[in-house]
Amino acid sequence: MDIFRGLKSFYWQDKPFLLGSVLGLAAATALGLVYPLLLRTLIDDMILKGKYEGVLQLALLAVGIVIVKAISQFVSGFSGSRLGNRLAYRMRNACYAKLQELSFSFYDTARTGDLMSRLTADIEGIRQFLGFGLAQLLNTVFLVLFGFGMMFFLDWKLTLLIVIIIPVLCFVAIRFEQQIHPVFRSIRSAVGRLTTSVQENVTGVRTVKSFAREPFEVDKFSVNNTEYSERNVEIAGVWARYFPAMEFIANFSVVLLTVVGGWRVIEGQMTLGDLVAMSSMLGIIVAPLWTLGFIINNYTMSKASGERLLELLNQPVAVRNEESCLILDDEAVKGHIRFDDVSFRYASREDQPSALAGFDLDAPQGSVIGILGGTGSGKSTAVGLLLRAYDVGEGSLTLDGVDIRHLELQSLRRQISIVFQESFLFSTTIKENISYGVPEATMEEIVEAAKLAMADDFIRELPQGYDTIVGERGMGLSGGQKQRIAIARAFLRNPKVLILDDSTSALDMETEQEIQQSLRQVMKGRTTFIIAHRISSLRHADEIIVLDRGRIAQRGKHEKLLRQPGLYRETYRIQFADRPEELDQAPLDAAAGAERRVTG
Amino acid sequence: MSRQFVYQDDELIAKPFNWTQMGRLLGYVRPYRKGVAKVVFVMTAFGMISRLAIPLLMSIAIDRAIRPKDGPGSVSLLLWLVAGMLFLYGLRWWAQHYTIHHTNVIGQKVIFDLRSALFKHIQSLSFRFFDKRPAGSVLVRVTNDVNSLQDMLSNGVVNSVIDIAQLTGITIILLALNFKLGLAVMITVPIMFVVSSSLRKRIRHAWQVVRIKQSRINAHLNESIQGMRVTQAFAQEKENMSFFDGMNKSNIRSWNRASALNQTFGPVIEVTSAIGTLILILYGSYLIQSGIMTVGVLVAFVSYVGSFWEPITRLGMMYSQVLISMSSTERIFEFMDEKPAVPEKENAQRMPDIRGDVRLENITFGYELDRPALKGIDLDVKAGMSVALVGHTGSGKSTIINLLCRFYDTIEGRVMVDGIDVRDVTLESLRSQIGIVLQDTFIFSGTIRDNIRYGRPDATDAEVEAAARSVRAHDFIMHLPDGYDTEVQERGNALSVGQRQLISFARALLADPKILILDEATASIDTETELRIQEALGTLLEGRTSFIVAHRLSTIRNADRIIVLDHGVIVEEGNHEELMKRPGHYRNLVDAQYRFLSA
């Protein structure tokens, strides 16, 4: 019950609904038990005695009871579903808010599918239990107490005999739950695998088709399909074993009642009406007991769901605001960035060397910093720290002289615009995608940003222009087109610090050059970080930093780096080997020679 | 209204009942008709008969054994009757076990067949099919839409038959026990029918609204989790929360409406059936009073009428479900009716081992009929040659490659490999000899090794490693936690773009194709890796005809032949030196890059 105590804040303010759902159901059940009593009166006191004058009143009373019962039933169901719905609403909002708060390091290891199922299936599990299961569980308990109480009152000896079926039914119900629970879980994971296999197949269709691997894909799918099918048959097997058995036990109790009760009627120890009423009551009592197994299962599953939700809600947030954090005044920010002996290691890769070590950098307002380096050299890590996607391990990182850990997170990020390596577009119009983060932007500003990012032309050629819906369910765009929209998005924000993380890789040469031209305009007065593989993008930086396995290997301006042996010069040779005149003679000869060696 | 995010809805509104679709769907049950017949027989013969006979036995027990009109009760008769009941209950136990088990086995087989057929069919479809559909909508067909038919095809078919039989049985018994009372009680049936079907229609509609809203929430959740980094970088958390709150509220409102309606159903049915009870009590006691009927019959009536509403309600629910399933059925068959845009000829031969001569003859092609992507392309490539394709986005570079792999068919002209028209051979034999590295590499969940082996499943571990070494992927792979056996998930998110690309190079190399295509394959690779790839490229291209689409001069320059495309037409052709000698597109392109550098 700890789990439900932990979730109390989500449902406790709806106590009236909880009460309504339980009491309504109890009332409906109690009234259901009255019906057999009426039947008894009809047989014993009217028909058998030949006094028919009260039949009409009795019949109307029966109808009246049915109506009241129906109303209580509705009250119970209505309250239960309101309770469940409100609970689901609050929990979903809380989880969503938590997701917004969790840091990049959480998302580095989290799986989308897993988070999705917490926010959907797990919340649904809790809704089902607190909305309906709990009331049913309590109702079953009431019903058994009530029903047997009344039967006891009618004929206690007979009742004592019948009561023995209760532990038997409970035992069977618990066994059922124990067997069905693991199967439910295996179905859940089978569904997951089936979905993943189709999803991968469809998103990777180009790869599948280009390797002509359709038959293999069909086989792979078939394995998952069979697995899913078998699990379903398995669950039906458990169901087939238990459900008829439970029904038999329940029926057996009625038969037992009939034979013993019938004998007692023959002996004159009991009236016929009592017997009919008791057997009718017994039928009402045992009905919910069949479903006891399901209710217990519902409870254990929702307990597990609650655990997963609490785990998410209590997840520690790696990067958070300090208590007395500073909110930046947007106008006053200059954009002077300083890295002072910064080191960082990813929490998820503790066994590996630091992602960044002893990183020093001074980027005054308006300067352009270029970063070059291989995969895993720490380029993206450096800009991630600047964004406070992660907090620095050692050393300090300051904006205008203030350690960014003292700044309010959102106000820091408002100063920075970043274009990520993999451009992500939301499912909305291109216009909304560009103005993401600047809701007050005018259409002119949006078009202006798109023009600077060389996106205006292709956007206008789309069927709905700027109103074309993109994203997963929208119009398919090429990698280069997506990148240009992401660049326009960053330009529009008018930030103090601009970060381009390898954001022009998918563009063709001409477009890239055009964007470089606009960049010069956009970069004016802003501190800019450019991570790139192309010398043409880095060439004009005030300082170029070459990273190698987390450490600064070389730094300086283009001309200086060209004179030093190292990655920068190597890259230059590969990319510009045919333009020797531009270089001064010394490194040039070596370059030409190296080029011939490389290309054969 | 805010357009912060837009999610297009899948159509979910119930379709009218359609016999053709239903017939087609039931066609999947046909192979199992014997099994269905057996289950129905068992359930009606044993399960149902016991259910119908027991109240009868009970009424005999009351009238003859417990409380006979004439003389004392008989314990021995009671014991006999009770033994009979116990026997029938036992029979019912067995019959139910049999029914539940076999119904589900059959239902699962039908669903399995349907899903397999659908998936297989989708595999046979061409790029055109996938071009116009987001991946999610295809996924939904194969999973959700098929699943939604599961219950209808397993329990639905069998239960409907059984329910109809049971209803008929009860009706006959009621009328036989006492014709007038039976008829009187059944007056409520039409009332019940009208009330429940109108209510159910509204409930169905309300739940559909819930489902639409729910799928919108799911779409948003999925997207916002994947785009969380962007959201946080742009400090849009609060905006997202208020958007989500609106979405969540509207979802809950629809839930409230649907569940409130849903909760009225049971009570309304109960009140309606109370009319039947009223008639039963009044008319029944009148009949007893008049000596026409016995108490036992009345008790039996109470019991039968009680089990009369159950099949009616269930049949109504079933009908509702059928209507809801109609739209799923329609969507499934819509896919099944799609014809592959690139069909294989009936007498298609296997492509013999490719040497590598490629000829494009006067090719015209367009993705949409009115917008040609290629116009009159002629190209002759000798085996072993490397060809670079250069041009703007949309100039037709990738289209040439798509036609070469026969992902699409030309509108005019033909593609010849070693003098054989690609339309004359089987797709599998053609594509398995062509290797392609795409810009956006797809990594399947599984080990790194499996991913490299994708194009040649029988490759040995040593071969996998050799391929990885020659594209310089070995080092980073060995740095992963489990080396080649590292499991990658969610499209290889844990790997960098460049690392994924190296795996894709290794994959293409291992498949040992005669024709190799690099479609912007080095765009996302970092400089250091690119250096290595440049070295490896020699090995990679040796003895193969290769087509390279690239933006980087470094990759293009070494090609034997450079083709410059503009708006679907070849505007220049030659090697780097030749093209640099004369003014033109290519030289402008190269010059611009250098000019920019020195500016």
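One is the number of the first residue shown, and numbering goes on along the chain from there.
Placement of Cβ uses the backbone N, Cα and C atoms for every residue, glycine included.
Positions annotated as domain 'ABC transmembrane type-1' by TrEMBL: A:19-301.
Residues annotated as domain 'ABC transporter' in TrEMBL: A:337-574.
If you look up TrEMBL, you'll see A:17-38 (among others) marked as transmembrane segment.
Under the heading transmembrane segment, TrEMBL lists A:58-81 (among others).
Marked as transmembrane segment by TrEMBL: A:129-152 (among others). Sequence-distant contacts of the transmembrane segment (A:129-152) (same chain, six or more residues past either end, CB-CB distance under 8 Å): 4, 11, 18, 21-22, 25-26, 29-30, 33, 37, 76, 80-81, 83-85, 87, 158-160, 162-163, 166, 278, 281-282, 284-285, 288-289, 291-292, 295, 298-299, 301-302.
The transmembrane segment annotation in TrEMBL covers A:158-176 (among others). Outside the transmembrane segment (A:158-176) by six or more residues, the chain places 144, 148, 151-152, 238, 242, 245-246, 249-250, 252-253, 256-257, 260-261, 264, 270, 278, 282, 286, 289-290, 292-293, 296-297 with a CB less than 8 A from a CB of the stretch.
Among the features that TrEMBL reports, transmembrane segment is placed at A:248-266 (among others). Outside the transmembrane segment (A:248-266), and at least 6 residues removed from its termini, the chain residues within Cβ reach (under 8 Å) are 155, 158, 161-162, 165, 168-169, 172, 272, 274-275, 278-279, 282-283, 286-287, 289-290.
Residues or ranges marked as transmembrane segment by TrEMBL: A:278-299 (among others).
Within the model, the domain 'ABC transporter' (A:337-574) shows a mean pLDDT value of 87, rounded to a whole number.
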